[in-house]
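The feature ATP binding site is assigned by Swiss-Prot to 30-33, K51, 87-91, G415, 479-481, D495, with sequence analysis given as support. Residues annotated as compositional bias 'Gly residues' in Swiss-Prot: 539-548. According to Swiss-Prot, the feature region 'Disordered' maps to 524-548.
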Amino acid sequence: MAAKDVKFGNEARIKMLRGVNVLADAVKVTLGPKGRNVVLDKSFGAPSITKDGVSVAREIELEDKFENMGAQMVKEVASKANDAAGDGTTTATLLAQSIVNEGLKAVAAGMNPMDLKRGIDKAVISAVEELKNLSVPCSDSKAITQVGTISANADEKVGALIAEAMEKVGNDGVITVEEGTGLQNELEVVKGMQFDRGYLSPYFINKPETGIVELENPYILVADKKISNVREMLPILESVAKSGKPLLIISEDLEGEALATLVVNSMRGIVKVAAVKAPGFGDRRKAMLQDISILTGGSVISEELAMELEKSTLEDLGQAKRVVISKDTTTIIGGVGEKHTIQSRISQIRQEIQEATSDYDKEKLNERLAKLSGGVAVLKVGAATEVEMKEKKARVEDALHATRAAVEEGVVAGGGVALVRVAGKTSNLRGQNEDQNVGIRVALRAMEAPLRQIVSNSGEEPSVVTNNVKDGKGNYGYNAATDEYGDMIDFGILDPTKVTRSALQYAASVAGLMITTECMVTDLPKEDKSSDSNSSPAGGMGGMGGMM
C-alpha cells in the first residue's frame, strides 16, 4: 500500500480553499450577459471556446493533490446542478465558493463547523420555500422564448427557435440538438412515430424520384417473430389484397421466400406492400412493438400470447393515414388507435420514467413518450466554423434544458434578483445558538454572490448595484445588458425556478461538507528511483581512473 500524505486543520482547509477558488474564478467569468469566454486547450484539434460553466469546470485538474481535492468537490456541485436542471452550473459554483470562503473564515475565528453547517442548511431550506412562493408558471410561448434567450447568453434567435419547437411537439415532445450544415439555425419537425429502420428491399420503393416508399391508408401488421415461411402470411395477404389497401409489415426479421414473395407481389401490383425490421432489441423491442400497435389500433402477433400469424385477420392489423419509409427510417403518421388507450400507455411510460434509475433508460423512455404523444423536433445549429459550432451547440443545449425546467417548476426574476429577494425574506431566521446564526448569515450573504458577479462582469461596482437592488421590491433589479434598473419580468430576464433551486441546494450541500473538513489524506508522490539506479554503475567504476 502506498504511503499517504496527511494534512490537518487549518493547513488542510487553506489548501482546499485555494483549489476551490482556482476553479470557481475560472468558471465565474462566464456569468451574465457580459460574461467572457474561456478557451480550453485540447490534446488534438483546435481549442474549444465556451461560456458554459460545467464545460470549464470539467477541464480543470490541479497539480497539488490537496488543492485538486477542493477543486473536484466544487466540480461536483456544477455537475450535479447540470444533471438536475441542465443549467445554472456557474451560479451553483459561485454560491459554493462564497459559502466555503465565508464559512472557513468563521471556522478560523473559532466557530463550531457542525453548527455552521446546521445554520447553512436551515437557511437553504427556508430559502427554497420562499423561492417556490416567488415562482410563477411558465406556459406561454413568450415566457419560454425569454427563458431560452437568457440561457443562450442573450441569443434571441435561439430562444424563439426553442419556443417554436416546444409549440409544435408539445412540452413532452423530444427535442434534439444536432450540428447543421449551413450558417443559419434550422428547425425540423417529424410528426408521428418515427423509428430507425428502413425498407428491407429497395424493390418496395414506389417513389423512385425521392427513393422512398409511401403508403396511403395502409394496414399495419406488427409481428414479434421472424417470418421466413410464406405460407404463414398467405391468409392475411389475400385479405389485404381483397380490401385494396396497401400493407406494412413490421417484424423481427423477414427473410428467404417470404421476402421474395412480397417483392414479387409488390412489383406485379397484386398487393402494395413494404416490410421493415422491428426497432430496438430485447425487451425494448417488445415494448416499442406494443407502442406501435396501440398507436395504430392493432395487435402484436406474438407466439408468447398464443397468437399465430396464419390465423390472424384484418381486425388484428393496425391502420394509419400515411406511412413513409426511407433507406434508414420509417415514419407512421396519423395512427387510428383509440385516444384513451394511447393516453393510458403514455401514463404508464411516465410512471416508468419516474421509477427508472439509469439516464440511458430515462432517455429511451422519453423518446417512446414523445413518439406516442406528439413528435420529434430537431434543432440544427448553424455556424461558420467548427469551433463556433461546438460553442453554439453547447449554448443551445443549455437553453433547451432551461426551458424544460421552466415549464416544469415555473420561473422567477432573473439576474440574481430572486436570490437577493429570498435572502431578504429569510433575514429574520434564527438558529439554536450564535454559531448557527453565523451559518445562516453565511448562506444569506452567499445568495448575493450571483448578482455581484453579473455586475462585476459588466464593469460596474457590485456593492452600489446590490444595495440599489436590495432597496427595491418584488422583481425590481439590474439589467446588466442595458445598464438600467427596472422590473426583471418586463425586461424578459427570467430564470427557471428549478435551476435556481438546484444551484442553491447542491452548492450548500457540498460547501457544508467542505466547511466541516478537519483532515485530508492523499497519496504521496512516488519517488523516481530510475535516476539513482542509472548513476550507480558509473559511481562503481570510479577507481578505474588510475589505469589510464
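Including glycine, each Cβ sits where the backbone N, Cα and C put it.
Owing to the predicted nature of the structure, the values given are computational and were not obtained by experimental measurement.
Shown on the structure are the features that Swiss-Prot records.
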residue : record           : DSSP class
T30     : ATP binding site : coil
K51     : ATP binding site : coil
G88     : ATP binding site : coil
G415    : ATP binding site : coil
A480    : ATP binding site : coil
D495    : ATP binding site : strand
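Long-range Cβ neighbours of D495 (ATP binding site) (same chain, at least 6 residues apart, Cβ-Cβ under 8 Å): G88, V147, I150, V411, V412, A413, G414, G415, A418. Other C-beta atoms found within 10 angstroms of the C-beta of T90 (ATP binding site) number 28, with every protein chain shown included. Its Cβ taken as reference, A480 (ATP binding site) is surrounded by 25 other Cβ atoms within 10 Å in the chains shown. Within 10 Å of the C-beta atom of T30 (ATP binding site) sit 22 other C-beta atoms, taking all shown protein chains into account. The Cβ of G32 (ATP binding site) lies under 8 Å from the Cβ of G415, Q453, I454, N457, S458, A480, each on the same chain and at least six residues away in sequence.
When Cβ neighbours within 10 Å are tallied across all protein chains shown, the highest count among the binding-site residues G88, G415 belongs to G88. For K51 (ATP binding site), other Cβ atoms within 10 Å of its Cβ number 21.
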